[in-house]
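Chemist: Pasting a structure here, questions to come.
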Amino acid sequence: MIRVLRKDRGFVAGAVVAGLMVLVAITAPLLAALAGQDYTTYHDTLLDSARGGVPSGPLGGISGEHWLGVEPGTGRDLFARLVYGAQVSVGVALAATALEVLLGITFGVAAGLGGRWLDAGLSRVIDLVLAVPILVLAVSLLAIVPQDWPRPLLLATVIALLGWGGTARISRGETLTLRTRDYVAAAQVSGASWWRVARREILPGLTAPILTYAALLIPYNMIVEAGLSFLGVGVRPPTPSWGQMLSSATTWFRADPLYVFLPGALLFLTLLSFVLVANGLRRALDPRQTEVPR
Amino acid sequence: MTGYLIRRIGGALLVLFFLTTLVYGLFYLAPSDPAILTCGKGCTPERLADVRAAMGVDDPIPVQYWHFLEGLVAGRDYPAGPDVRHCPAPCLGYSFETDQPVTTLLLDRIPVSFALALGAEVLSLVFGIGAGMLAGLRRFRILDRVVNALILAGYAVPVFLVGLLLLLLFCVHLQWLPFPTYVPLTTDPLLWAQNLLLPWVSLAIIQAAVYARLTRSGIQETLAEDHIRTARAYGIPERRILWRRALRGALLPLVTLTAIDIAGIMTGAVLTETMFGLPGVGQLLVGAVRQIDLPVVVGVTLLTGLIIVVANAAADLLYAAVDPRVQLR
């Protein structure tokens, strides 16, 4: 499998960029310290007050001190804000996906292995989750939750709670096929508990389909997080996130186009790299499966 | 068929009921005080007392929920202070912040969201099927690559980023279009379309990627089937094979998707509407979130749930209508 993946140029490029973004997210405090900047300090002196607070100097105020310029209106260092923004985007997307996989496998396998009534009941729950309009409900939920709860964790939880339907449906379907296999029947006949059957016989068979699906869920969840931050229900300021930066860029994009371009390009690049990874995984693991989270 | 219809509608109603219960439970049992959330941003102590009385927050939760359901079917009155606010059926609640029934607010906004979703869907079908066909035929190598790259990019870009870039390109740099400001269709159809053009295109770019991918694989699969080989052996012109046979097989799955996708775009339009300042349901939601207007938030959530449930049912029926192999039981 690894040999197949290595030959896949799209996968390799995607994996490198995606890995780099994860690295940036982890080392964000280090990178900011390296640049000698933080994401909260205002630099009013670098702004052109005559032009409404646009950074003075060419290209959004890029200088040796501020590698990517400063934020219009506040003068906060853009490089520091962008690398810390990676933390939110990548972190929330990965955490939400992990939670979705956990929930989906638990419910899916339980439905697939359980009796008729358990399956019928859980299937209805899964249908309900799939019918929920994720963005609308997430906006509403995030709006009513007390403001002092830890925001990134909350974002990941809300996204996961609304989005585990797909993994559950796939897990259930695969479990239903796997349980008819002889080796599963053999384990059951020899007296293995259902927990053991689920763990030792079913779970390994789920790896490939769940992995390919989860890989596509990561960029999807990243889009949702960016959207929620764009709408102002994501992380609280001053914590930066790419979606939130793009949202504030809507008021500045005429005067300072670079302020749109930087977070936009980073977000697009990260998303694209994760999509490429997911595509490569799908081709290598399961050529039949074409389902894509929508 | 009739039996199936009854069961399908029954099932849809059941899902809707559970969704209502879930949403109601989530919002009114939330860790924050629902009366304060309902009272809104301009809340005064007097209004808060009115709201408490009108909502009956001192009643047990099941009683409150019962009143809510009753309002949905028969309408209800909110005795707030000296005067009574009437909320006709289907009453989704009363927005004390704007002093209007939620249903009225929603009905004002639905046409905008629907026009947005419908236009975007038509555009994406046209572009998606066209691009998918070109890529599926494998006639032009470079074109295939471009389409494939676009399909990939369509998955990797949030709609508000596309919107921002389009604004930057067409309104600032080229100055071909003025900045979109919503004009009602009845006022000036031409201006209406002009202002919706950019929102339509930004949604369509992403949606078209899905259709292009489906059409591409559909055409490739159909062209490999036996009946195509037979048709070729009979000497039927290639163009006719393509249009009458291959395309038909490839487009079948798209038909069922359209209903679901229109619903999906409508519910996902929160971002597009906020981005372009369109007075649709999504913008209503974001506004309500900012104004802390809980009844509107609940109303929008339920409406989108309804739209999705209806669209799913419609998709099933459409599927049976276009594909004779599907039997509804």
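The backbone N, Cα and C atoms fix where each Cβ goes, glycine too.
Fair warning: this is a prediction, and the values are worked out from it, not measured in the lab.
So TrEMBL lists these for the protein:
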type     : residues  : note
TRANSMEM : B:12-30   : transmembrane segment
DOMAIN   : B:110-319 : domain 'ABC transmembrane type-1'
TRANSMEM : B:114-137 : transmembrane segment
TRANSMEM : B:149-176 : transmembrane segment
TRANSMEM : B:196-214 : transmembrane segment
TRANSMEM : B:249-272 : transmembrane segment
TRANSMEM : B:292-319 : transmembrane segment
Chemist: Give the one range among B:12-30, B:114-137, B:149-176 whose Cβ atoms make the most pairs under 8 Å with those of the transmembrane segment (B:196-214).
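Modeler: Comparing B:12-30, B:114-137, B:149-176: B:114-137 has the most Cβ pairs near the transmembrane segment (B:196-214).
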Chemist: Sort out for me which stretch, of B:12-30, B:114-137, B:249-272, has the most Cβ pairs below 8 angstroms to the transmembrane segment (B:149-176).
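Modeler: By the under-8 Å Cβ criterion, the transmembrane segment (B:149-176) pairs most with B:249-272.
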Chemist: May I ask for the residues of the chain that lie six or more residues beyond the transmembrane segment (B:114-137) and have a Cβ under 8 Å from a Cβ within it?
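Modeler: Distant Cβ neighbours of the transmembrane segment (B:114-137) are 143-144, 147-148, 150-151, 185, 196, 199-201, 203-220, 223, 242, 247, 250-251, 254, 258, 261-263, 265-266, 269, 272-273, 278, 280.
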